[in-house]
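Right, one structure below, let's go through it.
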Amino acid sequence: MAAADTAVDLSQAMRLEPVLPGDWLVVAPLLLTILGGALCLITRKNTEAQPKVAIIFLTLLVLSCAGLLARVLDKGVVTMVAGSWLPPFGIAFTADALGATLALTSSLVALAVAVYGASDVDRSGRRYGFYPFLLLLMTGVCGAFLTGDIFNLYVWFEVLLISSFGLLVLGNERAQLDGAVKYAILNIIATTLFLIATGLLYGIVGTLNMADIAIKARGIGMDGPLTTVAVLYFLAFAMKAAAFPVNFWLPASYHTPRIVVSAVFAGLLTKVGVYALLRIFVLLMPDARAALADLIALVAILTMLTGVFGALAQTDIRRLLGYLVISGIGSMLAGLAIGTTPALAGAIFYAVHSILVMTALYMAAGVMRALGGSFSLRELGGLYGANPAFAAVFLMLGFAVAGLPPFSGFWPKVLLVDAALVGGHGWIAAAILITGLLTTIAIGRVWVFAFWRGGAEGTPDGYEKALAVPDPKITGAGIWLPIGLLLGLIVLLGIQPEFMMQVAGRGAASLGEPLGYLRSVFGDAIQ
Amino acid sequence: MEATVSVLIGLFFAVAIYLLMSRQLVRILLGIAILGNAVNLLIFTSGRLLREVPPIIPEALQVPAETIANPLPQALILTAIVISFSFLAFLLVLAFRAYQELGTDDTNEMRVAEPTGDVRPPQGY
Amino acid sequence: MSLIGSEATFIAVLAPFAAAIVAPTLTRLLAHNAAWPLALVPAAIFLFFAGLVPEVAGGASFTPAVDWAPAYGVTFSFFVDGLSTLFALLISGIGTFIILYSGGYLKGHPQQGRFFSFMFLFMGAMLGLVLGNDLITLFIFWELTSITSFLLIGFDHLRAASRRAAIQALVVTGGGGLSLLAGFLVIMAVTGEANMSAVLASGDTLRDSGLYALVLALVLGGAFTKSAQFPFHFWLPNAMEAPTPVSAFLHSATMVKAGVYLLMRMHPVLGDTALWTTILPVFGGATLLVGTILAVRQTDLKLMLAYTTVASLGLLVMLTGTSWEKAIEGAALYLLAHSLFKGALFMVAGTIDHEAGTRDITRLGGLRKAMPITFAAACLAALSMSGLPPFVGFIAKEYLYTGIWGGAGANYALTATAVLGNALMLVIAAAVALKPFLGPKVETPKHAHEGPVLLYAGPVVLSLVGLASALLAHDTGVLVIGPVVSSILGVPSAVDVHLVPTHIGAALYLSLGTIALGVVLFLRLDALRAGTARLLTAIGWGPDKGFDQVIAGIVSFSAWVTRTVQGGRMEVYMTMTFLITAAAILVPMTVAGTWPTGFAMPDFRFYEWGVLAIAAAGLVAVLIARTRLTAIVSLGIQGFAVALIFMLFGAPDLSFTQFMVETLSVVILALVMTRLNLQPRDHRPMAARLCHSVIALAIGAGFAGLLIQITSAPFDRRLSDFFEAYSRTIAHGRNIVNVILVDFRGFDTLGEIAVVMVTGLCVLALIRVRPKRSAEEALDLAAGGDALRKREEARV
Amino acid sequence: MRTVIFRTIAPYLAALMVLFSVFVLLRGHNEPGGGFIGGLIAASALAIYGIACGVAAVRRAITLHPMSLSAAGLLMAALSGLVSLFTGQPFMTSQWWYVRLFGVEVPLSTPMIFDIGVYLVVVGSIGSIALALEERESD
């Protein structure tokens with residue numbers, strides 16, 4: 001039994017150099033969320049303690065992601081191989097600037113959502129798993145951003161998906177169940193396509209490690225079945241990212257759960273799909289990206305436009321915001337279609353912006369409902385008079401999502417339009433700008449109907465309806481703190497974009513010129 | 001060998017997808033169940049087939065003596081089976097609850113989240 | 001950043017933003033008197049820029065800069081030269097009096113503090129716009145002016161007209177802004193420069209570039225919308241819904257001139273081409289005529305002034321568009337004159353409205369006794385507007401006529417346009433300045449009397465400055481106009497301005513002709529108004545109406561698109577998804593030519609064939625099952641067949657698990673499906689079935705073909721070889737699959753058990769949580785439940 | 001279903017199945033078996049017991065809520081990977097200890113703890129699902 005007596009050269013199989021404690025930051029996000037999630041589940045009947053446990057773990061998560069990003073910026077790509085097994089045999093967790101940035105942004109959003117949820121989620125919601133779902137959702141999200149193994153990516157996608165199911169059905173309202181059916185089935189099809197593509201890819205290249213695939217796929221080139229596999233990946237992730245024309249699940253479901261759930265969904269879920277597209281098509285299969293560039297551009301433009309048209313067509317704010325999520329996905333895909341480093345940096349910056357702003361907007365929609373008693377643009381009105389400070393917050397968020405300065409949405413838009421023009425993609429630039437204008441109109445309409453107008457539809461001109469005094473819960477710090485945190489970041493990114501630009505640039509560079517990534521996984525011997 | 005199984009897998013996919021395009025939740029769920037099997041077989045075949053030699057090292061040896069079935073796809077499928085089983089269980093209960101609450105299992109009649117004719121945006125200022 | 005010298009520009013630009021922050025608090029403390037301390041801010045800024053005038057007049061320019069986003073090459077930088085200094089002086093100078101005026105005009109308004117804030121935000125944005133050197137910085141301030149003007153126009157937000165005007169301004173100027181952004185980015189790409197000062201030094205690079213036409217179109221898109229050129233002029237009169245201080249500041253003196261500023265600024269690198277000298281005069285001239293004609297039609301004081309503002313902007317664009325030196329001198333003078341008289345007249349109109357309660361010219365008259373100071377200011381400003389001596393408006397007119405008539409050859413069309421436009425402007429000026437004050441006293445809604453000093457300070461000072469700058473014509477020319485013209489032309493040029501025409505020439509005759517025509521038309525104003533009214537009624541449509549139609553159209557189109565792509569029917573979603581999936585597999589396979597060519601008959605043993613046959617039979621049985629039980633059993637059969645396949649090909653663990661999972665699936669299915677009914681027949685119509693079958697078979701065939709293709713290629717077993725070599729030697733396990741699961745790839749398993757755990761919780765959440773139902777919903781459900789029971793009974 | 005014979009046999013059958021599941025779990029590292037399969041067998045045992053004797057009886061028998069069991073399993077699996085933090089090795093690097101129990105050398109290892117975690121998660125979750133569904137059946 002004792003196998004140690006047979007002489008085996010361990011160095012052929014395992015990475016033996018001692019691991020620095022700092023390297024643990026790569027897996028810390030997962031461990032923290034799994035441990036936190038399990039603890040929350042064990043204590044789920046103590047509904048008072050749950051938010052506290054979750055907020056503590058999510059704060060630790062934010063800190064560890066921040067530490068990870070600092071380390072990546074300082075030392076370059078960081079890798080930890082699970083079980084010490086040499087890549088590509090074991091599972092490598094590899095954090096580059098892209099993954100670390102998105103993980104940090106997501107964890108900030110999750111923390112904001114947890115705080116918001118402490119005021120918003122009722123006892124039954126807590127007891128039946130709001131916080132465990134949220135924490136495990138973050139396991140999935142962080143795992144997806146940080147893993148360096150494509151099958152492992154699939155697993156984290158599933159963790160994220162099942163947790164989102166839990167959040168989506170929490171409450172069991174009729175609309176929720178209806179939305180959940182469509183959401184669940186279509187998303188399962190998407191992840192199944194992902195799994196199929198991964199199985200086939202394994203059949204072709206015989207490996208699952210991303211860095212290894214990147215090397216092998218460059219060797220094979222876009223030939224034979226690999227093209228089909230690439231298209232399958234594109235379809236699967238486009239579905240996850242809610243790109244047109246496979247975005248059916250998003251408008252069917254995002255407006256149905258409680259608002260704090262919509263907020264976290266809008267911030268995180270689709271971006272994981274975008275992240276996977278960036279990872280697969282720039283790092284792993286750049287030839288496939290080049291071959292599919294026109295298709296991606298078309299999808300990007302149509303996604304932007306159908307998204308914003310959808311937003312203009314809505315009466316319910318939550319559904320309107322859902323369509324804005326879709327429209328934003330189009331902008332990120334535009335960066336992928338252009339494919340140059342500045343364009344990818346624009347897409348990454350946009351992803352960070354979109355995570356922050358969409359979550360904040362859904363939270364704001366929750367406040368609108370609390371103040372005005374409805375989500376419908378026909379029934380809302382008078383919010384400007386009722387709470388000018390909140391009106392200002394909403395307007396800033398609205399301008400941010402429309403890409404107006406000086407908010408976070410402006411810079412990625414400039415980067416993307418610039419990259420499109422320089423790269424000779426005039427149509428993409430035009431689509432981004434037109435989408436910006438249409439988004440401005442959509443937000444302007446919300447502002448006019450819900451805020452400036454005196455009351456619900458049919459309120460006489462010049463007359464202001466007195467609104468009912470809102471539930472004291474929504475005026476508490478538990479609501480304003482998370483919104484304030486996100487708004488602060490949005491304004492900060494708008495006024496001081498330098499840090500984010502550098503980080504996004506680093507992320508884009510590590511995708512496009514993967515030497516640092518490969519060396520981090522396989523050691524300095526590569527090339 | 002792989003080719004014949006591939007054709008069977010094609011049949012699995014075709015049946016699963018035909019069922020998935022149905023309006024009835026029950027048929028959709030049956031489709032999901034079959035789809036899971038189809039994918040598992042696809043991964044299995046993708047790692048190449050080999051008859052009857054399980055990837056277990058005999059007691060007496062340190063490494064397998066003969067060529068054995070590819071263990072990695074098996075491990076991946078084990079993971080995938082459990083995941084797809086979990087999802088199927090969830091979907092079954094979801095379908096059941098949806099049926100309870102919405103009173104139908106016809107997806108065309110499930111129009112609570114997206115009611116018919118709801119796209120009437122307000123005009124004016 | 002030092003406190004003196006050009007570096008202090010930063011402070012000057014940021015000061016209004018600081019003032020915006022303190023304004024609400026200050027207003028809470030001092031009420032409307034907060035205007036006095038607040039006005040010190042723009043006054044100080046004015047003095048700062050006034051201090052720079054001598055140096056700038058000497059030909060100096062400053063480009064203070066700090067890094068902003070060096071990763072993208074963006075600096076926060078300003079460009080102080082003749083042109084930007086004049087604009088900065090106008091903004092801060094007029095701004096000072098506007099702030100005072102706002103104090104009086106909105107006295108007692110509950111949101112006066114907020115109003116001050118918005119005004120200061122706008123002021124800062126406008127200063128940044130005219131001073132911005134870095135193109136991105138400039139653009140940001142450009143958009144900020146759109147945003148702040150949106151807030152200001154909609155200030156009176158309970159009225160639909162205000163809201164509409166605000167949206168209109170945001171959409172038109174915001175849309176133009178996006179065009180400008182694209183233009184700037186192309187300019188940066190072509191010239192490789194990020195700063196306006198550097199772009200201006202790039203000579204003919206832009207003009208010679210193949211992208212010149214694109215750049216020009218994009219920049220004009222920004223300038224024309226901001227400066228309300230025909231056919232984008234409609235938003236400006238509608239913006240008069242804003243409180244009068246806003247109209248006086250934004251929509252006459254400053255913001256609307258941003259477009260003109262941009263054209264003048266970029267003239268050295270974009271101007272003087274065939275395109276430029278064609279497009280600008282045509283649009284400018286058209287705007288001049290449309291603006292004046294529409295102005296005549298109006299009876300509302302503010303609207304009359306608003307339309308003449310449109311006209312004046314047209315005139316400025318027309319003059320800039322000629323690229324003739326003399327005409328540009330005229331433009332510079334007219335720019336100064338217009339800002340002064342139009343600001344003053346708007347404030348006068350506001351004062352009348354404020355004090356008399358109406359600004360309808362037909363309901364006003366005889367106010368000269370009640371409001372003597374306002375009357376005097378109105379007269380002075382109107383004289384300047386009419387182009388009469390000794391006002392700066394007169395000098396401007398002299399120069400512009402000289403420019404057009406005597407430029408590179410007489411241009412009759414432009415001259416005629418200018419004369420007619422100016423004559424009509426004289427008519428409006430006379431109407432605005434004389435009608436309300438002269439004639440018999442008319443009863444007004446409020447008892448009119450002179451306003452407080454806060455209200456008349458602005459008109460008085462501005463109109464006096466209009467007079468003074470004409471009387472000190474030489475200094476005006478040396479200190480202000482010369483540097484501005486140098487900036488516009490891009491070469492140093494001295495302008496000798498004098499009040500008294502140096503020679504009797506065409507310009508003087510044209511001036512006299514304009515005045516004569518104007519007087520004649522003024523005397524027939526009522527007939528003229530009726531005439532234009534008839535004309536416009538006959539046309540019956542304008543861009544303003546068009547805007548509503550466009551917005552409504554966009555919304556309706558959006559609704560149509562959304563209905564089409566997101567119809568709410570799951571069946572359609574699924575069919576579309578799989579249609580796309582089929583295309584995603586088949587198209588690349590066909591294009592890459594990777595369909596397998598041959599098919600070798602395998603050497604299967606009979607029991608292997610048997611297992612495959614069972615699987616196929618199970619599948620078909622599921623497909624045609626008519627009852628729940630058959631369906632569940634058939635599902636089980638295909639599942640067990642899969643387990644057998646795993647067993648046959650050396651995967652006992654998998655087989656074992658598949659058996660367990662399949663059994664449990666069937667059990668859960670049975671537990672759950674007893675309540676779900678399986679329709680005995682496939683409900684789909686034949687066409688749908690056919691279509692779905694084709695899609696399903698296509699995908700099936702695609703995957704099969706792909707798999708055959710892939711498995712026929714050699715395989716890299718590197719990973720498995722590694723696992724086989726080290727499974728026992730290092731990881732101490734003989735079952736390689738299990739070692740992979742718990743050690744080599746344990747991370748997958750960790751994720752997987754997380755899925756399993758969450759599933760358990762999800763199911764609990766689904767089953768245990770009971771929704772709070774509204775009475776209506778409960779009723780609906782009860783009815784649905786009844787229907788359901790009836791259906792069940794009928795089947796039995 | 002609840003015949004007297006079934007109700008009498010079920011507890012024994014369930015106990016036997018749980019025992020068998022533990023056996024399958026423990027031998028998994030060397031022979032076909034492991035945490036998943038073991039967990040599934042044990043969950044089936046709970047389900048059978050529940051069908052025969054009622055859900056309440058099962059809940060009493062396992063004292064802990066099955067979801068807590070599941071969470072504990074996940075916690076255990078994750079923590080087993082953390083052991084290597086103290087040896088300066090990467091996450092999930094296996095650690096082996098050979099303990100002499102009654103004269104027999106018993107190998108203990110972190111992969112084994114991990115596998116037990118897997119087992120607990122599967123038992124807890126699948127068991128919880130089955131029990132929850134059975135409860136619905138009975139009301």
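Counting begins at 1 with the first residue displayed.
Any Cβ shown, glycine's included, is placed from N, Cα and C.
TrEMBL: automatically predicted annotations, no manual curation.
Listed in TrEMBL:
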TRANSMEM  A:24-42  transmembrane segment
TRANSMEM  A:54-73  transmembrane segment
TRANSMEM  A:93-116  transmembrane segment
TRANSMEM  A:128-147  transmembrane segment
DOMAIN    A:149-439  domain 'NADH:quinone oxidoreductase/Mrp antiporter transmembrane'
TRANSMEM  A:153-171  transmembrane segment
TRANSMEM  A:225-250  transmembrane segment
TRANSMEM  A:259-284  transmembrane segment
TRANSMEM  A:290-313  transmembrane segment
TRANSMEM  A:320-341  transmembrane segment
TRANSMEM  A:347-371  transmembrane segment
TRANSMEM  A:383-407  transmembrane segment
TRANSMEM  A:473-495  transmembrane segment
Practice item. Examine the transmembrane segment (A:347-371) against the transmembrane segment (A:290-313) and state whether at least 3 Cβ pairs sit under 8 A, considering only residue pairs 6 or more apart. Key: no
Review point. Is the transmembrane segment (A:128-147) close to the transmembrane segment (A:54-73), in the sense of at least 3 CB pairs under 8 angstroms with a sequence gap of 6 or more?
Key: yes
Check your understanding: What residues in the same chain, six or more past the boundaries of the transmembrane segment (A:383-407), come closer than 8 Å to it by Cβ-Cβ distance?
Key -> 324, 328, 353, 357-358, 360-361, 364, 367-368, 371-372, 413, 436, 439-440, 443-444, 446-447, 450-452, 454, 464, 467, 483, 487, 490-491, 493-495
Exercise for review: Find the member of A:128-147, A:225-250, A:320-341 that has more C-beta pairs under 8 Å to the transmembrane segment (A:93-116) than any other listed stretch.
Suggested key: A:128-147
Practice item. Sort out the residues at least 6 away from either end of the transmembrane segment (A:153-171), same chain, that have Cβ-Cβ distances under 8 Å to it, and list them. Key: 124-125, 128-130, 132-134, 136-137, 139-144, 147, 177, 179-180, 183-184, 187-188, 191, 194-195, 198, 210, 240, 253, 256-258, 261, 264-265, 269, 272, 276, 279
